[in-house]
Amino acid sequence: MDFYAKTCAAVDQIVGNVTAPLFRDNPAAGPAVLRLFYHDCFVEGCDASILIAPTGSNAGGPPRVERDMEENRNLPQEAFDAVEMAKAAVEKACPGVVTCADVLALAARDFVHLAGGPYYQVKKGRKDSKVSLPGKVRGSLPRANSTVDELLRVFAAKGLGAGDLVALSGAHTVGFAHCAHFVGRLYDFRGTRQPDPVMDARLVKALRMSCPFTGGSARVVVPFDVSTPFQFDHAYYANLQARLGLLGSDQALFLDARTRPLVQELAADKERFFQAFAASMDRMGSVRVKKGRKGEVRRVCSQHLH
Ligand code: HEM
Ligand SMILES: [Ca+2]
Ligand SMILES: [Ca+2]
């Protein structure tokens, strides 16, 4: 936690001075950065590999970096901009010292807190990656229709357990999703031409208004948490109990006997959720941390040093 005590002691504050006004101007940037951190940690560890921008133009060509992969396509630019702004402020005070991977971890923490979630200490000392390989993305991130088996397997591959899966999925207490990720549940669940029988019928109806079967806009998004979409609270779990989960992967956590007790526990107690979330964020933030010469300290997060 005091990794930069001698070299950039105020780093938490410097990042905080950027994230707070950003959140005030545009609260949607918060969930976007939180998701960015998750997509970083699950692909080659928390090393800012997700932040590398492709160079040159090859429209329609093969993917060049992680960001080019479909899984990462709709990560909003504002999330990348937020990290870049925080990094620029840190560079001004302590040039060449703090990695983008650490700035991303700090910014994600800040945005959780700004939305009403827990404030937890963030360990530092992650080096930035020297590469960003599109081939590492496939299979590293679960899908919106993943089964609990698949979710557990992908998390286990990162050293994370069922408790982490349930606690971290609670991040879906904030933020929005595009229709494509759940439209199958509204009209044709697993080829039945019926909605997912598990989803609350009123929610099906409401979501159909935003997401028509055909001809809808690819830009439409709906909130994950129907009750408090901007508040980082434990409403996500009560929603799962009420069959108001948005993604198949969300609702599955309540349907599976292995994860259901954990959902019930966190639904019942906000403080318990905050504790569990902070502990699991610490574990996720420690996945495959690079040290020493295995990594670099980028100046600009979208560009390798070279
Ligand atoms: C358990 C497996 C997970 C699956 C299958 C999953 C899937 C998704 C999907 C499909 C979206 C919507 C993206 C879009 O349409 O733009 C989304 C959004 C989001 N995810 Fe997850 N996710 C998972 C875990 C996590 C974790 C571990 C975190 C963070 C700790 C997280 C944080 C978020 C946030 C905050 C958003 C909203 C983003 C925004 O509003 O810009 N997710 N997720
Ligand atoms: Ca990474
Ligand atoms: Ca909420």
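The chain as shown is numbered from 1 upward.
Quick reminder: no glycine exception, Cβ is built from N, Cα and C everywhere.
Features reported for this protein in TrEMBL:
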| type | residues | note |
| --- | --- | --- |
| ACT_SITE | HIS39 | active site, proton acceptor |
| BINDING | ASP40, VAL43, GLY45, ASP47, SER49, GLU66 | Ca(2+) 1 binding site |
| BINDING | PRO142 | substrate binding site |
| BINDING | HIS172 | heme b binding site |
| BINDING | THR173, ASP225, THR228, ASP233 | Ca(2+) 2 binding site |
| DISULFID | CYS8-CYS94 | disulfide bond |
| DISULFID | CYS41-CYS46 | disulfide bond |
| DISULFID | CYS100-CYS301 | disulfide bond |
| DISULFID | CYS179-CYS211 | disulfide bond |
| DOMAIN | 1-305 | domain 'Plant heme peroxidase family profile' |
| SITE | ARG35 | site 'Transition state stabilizer' |
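Sequence features annotated in TrEMBL and their locations in the structure.
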| residue | record | DSSP (3 states) |
| --- | --- | --- |
| CYS41 | disulfide bond | helix |
| SER49 | Ca(2+) 1 binding site | helix |
| GLU66 | Ca(2+) 1 binding site | helix |
| CYS94 | disulfide bond | coil |
| CYS100 | disulfide bond | helix |
| PRO142 | substrate binding site | coil |
| THR173 | Ca(2+) 2 binding site | helix |
| CYS179 | disulfide bond | helix |
| CYS301 | disulfide bond | coil |
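Ligand 1 lies under 6 Å from the Cβ of ARG35, PRO142, out of the recorded positions ARG35, CYS46, ASP47, PRO142, THR173, ASP233. Note: the Cα of GLY45 (Ca(2+) 1 binding site) and the Cα of CYS94 (disulfide bond) are spaced 24 Å from each other.
Note: the Cα of CYS94 (disulfide bond) and the Cα of SER49 (Ca(2+) 1 binding site) are spaced 22 Å from each other. Only ASP40, ASP47, of the recorded positions ASP40, ASP47, CYS179, place a Cβ under 6 Å from an atom of ligand 2. Reported as a whole number, the C-alpha separation between CYS301 (disulfide bond) and SER49 (Ca(2+) 1 binding site) equals 9 Å. Spatially, by CA atoms, the binding-site residues ASP40, ASP225, THR228 include one closest to CYS211 (disulfide bond), and that is ASP225. When the binding-site residues GLY45, PRO142, THR173, THR228 are checked against ligand 3, THR173, THR228 have a Cβ within less than 6 Å of one of its atoms. Rounded to the nearest whole angstrom, the C-alpha distance between ASP233 (Ca(2+) 2 binding site) and CYS41 (disulfide bond) is 23.
Listed in sequence order, the residues VAL174, SER227, PRO229, PHE230, GLN231, PHE232, HIS234, ALA235, TYR236 complete the 8 Å Cβ shell around the Ca(2+) 2 site centroid, once THR173, ASP225, THR228, ASP233 themselves are left out.
The separation of GLU66 (Ca(2+) 1 binding site) from ARG35 (site 'Transition state stabilizer'), Cα to Cα, is 14 Å. Counting every protein chain shown, the Cβ of CYS94 (disulfide bond) has 15 other Cβ atoms within 10 Å. Across the structure, ASP225 (Ca(2+) 2 binding site) and the residue listed as 'active site, proton acceptor' are spaced 20 Å apart at their Cα atoms. Cβ atoms within 8 Å of the centroid of the Cβ atoms of ASP40, VAL43, GLY45, ASP47, SER49, GLU66 (the Ca(2+) 1 site) belong to the same-chain residues HIS39, CYS41, PHE42, GLU44, CYS46, ALA48, ILE50, SER129, SER132, LYS136, site residues excluded.
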